[in-house]
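Look at Swiss-Prot and you will find 1-18 tagged as signal peptide. Here Swiss-Prot flags Asn96, Asn121, Asn235, Asn310, Asn362, Asn401, Asn411, Asn421 as N-linked glycosylation site. Among the features that Swiss-Prot reports, Zn(2+) 1 binding site is placed at His167, Asp187, Asp247. Marked as Zn(2+) 2 binding site by Swiss-Prot on the basis of similarity to another entry: Asp187, Glu220. According to Swiss-Prot, the domain 'Fibronectin type-III' annotation covers 396-483.
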Amino acid sequence: MLFRSVILSNALLLPACAHDILSNLDLSLPIAANAESYTDCANAAWPPSNVGVELVPQPPDDQLRAMVDEVSAENIEATITKLVSFGTRHTLSTFNSSTRGINAARDWIASEMRKYAAESNGTMTVEVQSYVQSVASRIPFPVTISNVLAKATGSEDPNRVYVMTGHYDSRVTDVLNYESDAPGANDDASGTAIAMELARVLAKHQPKSTIILGAVAGEEQGLYGSTYLAQTLKNTSTNVEGMLNCDIVGSSTGDRGQKDPFTIRAFAQGPPPISAESSARAAQRLQIGGENDSPARELARFSAEVAANNATGMNVAIIYRLDRFLRGGDHTGFLQAGYPAIRYTEPNENFAHQHQDIRTENGTVYGDLIEFVDFDFTARVGKVNLATLWSLAQAPAMPRNVTIDATILDNNSRIKWIVSNKTDVASYEVVWRSTIASLWTHMLDVGKVGYVVLPLSKDNVIFGIRAVGTNGFKSPAVYPFPA
């Protein structure tokens, strides 16, 4: 283990307010869920300190901006149109047909993914991962469930993996009705189209770490495909450091006609599930006030920092919940497997266009029809996903063994971590915020060391440690537990 240390008494605190900096991004801001939520600096300034500087979000570099610009609303529209053309993509609709049902959709998705991979010079591969699901909840007879996975293998750290999925199965009102048309244009051809579009873009840009882009099945019947994928990765000891679930990301208009075209919600669970964290660690997390600093919430903060900007044209509204109220999604299986995972969903769902038989009643059109999809909005959500995934993959790995010394009773904070021996790590940053702030508000670069003493009380702020790459990309922060 390599430890180096630094002790700080004070440092320059910049007078600029994060609100003032971010307000120059010239975005429409129907909802603010980042530093722009603060009406003035005073809200972010307690406890007062002359340590560090106010945190400025990581800007996309020229390469990432160019990649984000490649995400095409026209391509996404064409993909959703094709997926809708299969009539139904119900998990049980395993018809012997090349034009209708989930198998036909699966084969087309795989064919398109392979076309993209052919442009990658061998850095992207495509796999159709299948298994037979026996009779279970919402599965009245054995059925083959298939996930289509495009893997962009990392050039420098291929064993560090990030996953993004959308589900390509669909449904109508009766979850067991696999005969009727179930277009599923928004739920979730929109997320599937984003996964496919990102595969197209990433085939031409090899990331430093591995990115898996998946179209998964069985979601509407009980998250079967994604859970199988998560367990397969866990069983092979795959180091998944983040998972993004795109589900119902195709409409900017709510059921009351309200429009919010520049915001995407990011749902992030608090304390990890009992399958992912020991009871002792869970009890300690609650004792020290770490319930808002789970790996999932650090991932959501990271996405808000790197993907809410004028390159994507979007804001990321973090929601402190596993999912919508009493609902679930394909990130759940990853969380249960111990992986950080979040869900993106449009800001205002229209339930007349979700899980509905196609019909018109009293002048209201029901059904998940393509006419209700906003392709420009969906493309912007794709840009958020791309900016998040690329920033994760290009950054160094998260710091390991991050601890805070609780043996000394004073108003300094002593934080320790293992210094990486990787040459892509330039330094480490301590980030912090008040206990009521959603996002990190302050930062201090302490160099390539493994120990720091700060004149800030651990009683008053929340700390995190993140790695800074030689390329300028920064990892998600890691919350320190008592040593």
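Cβ atoms here come from the backbone N, Cα and C positions, even for glycine.
Annotated features, which come from Swiss-Prot, shown on the structure.
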residue: Asn96; record: N-linked glycosylation site; Cβ contacts under 8 Å, 6 or more apart: Asn103
residue: Asn121; record: N-linked glycosylation site; Cβ contacts under 8 Å, 6 or more apart: none
residue: His167; record: Zn(2+) 1 binding site; Cβ contacts under 8 Å, 6 or more apart: Asp188, Gly191, Thr192, Ala215, Val216, Ala217, Gly218, Glu219, Glu220, Gly225, Ser226, Asp247, Asp330
residue: Asp187; record: Zn(2+) 1 binding site; Cβ contacts under 8 Å, 6 or more apart: Ser170, Asp247, Ile248, Gln354, His355, Asp368
residue: Asn235; record: N-linked glycosylation site; Cβ contacts under 8 Å, 6 or more apart: none
residue: Asn362; record: N-linked glycosylation site; Cβ contacts under 8 Å, 6 or more apart: none
residue: Asn401; record: N-linked glycosylation site; Cβ contacts under 8 Å, 6 or more apart: Lys416, Trp417, Ile418
Arithmetic mean of per-residue pLDDT over the domain 'Fibronectin type-III' (396-483): 97
Extra residues within 8 Å (Cβ to Cβ centroid of His167, Asp187, Asp247), Zn(2+) 1: Gly166, Gly184, Asp188, Ser190, Gly191, Thr192, Glu219, Glu220, Cys246, Ile248, Gly329, Asp330
Other C-beta atoms that fall within 10 angstroms of the C-beta of Asp247 (Zn(2+) 1 binding site): 27
C-beta crowding around Glu220 (Zn(2+) 2 binding site), within 10 angstroms: 23
Fewest other Cβ within 10 angstroms of its own Cβ, chosen from the glycosylation sites Asn310, Asn411, Asn421: Asn421
Assigned element (helix, strand, coil) containing Asn401 (N-linked glycosylation site), judged by DSSP: strand
Tally of DSSP helical, extended and coil residues in the domain 'Fibronectin type-III' (396-483): 0 helix, 44 strand, 44 coil
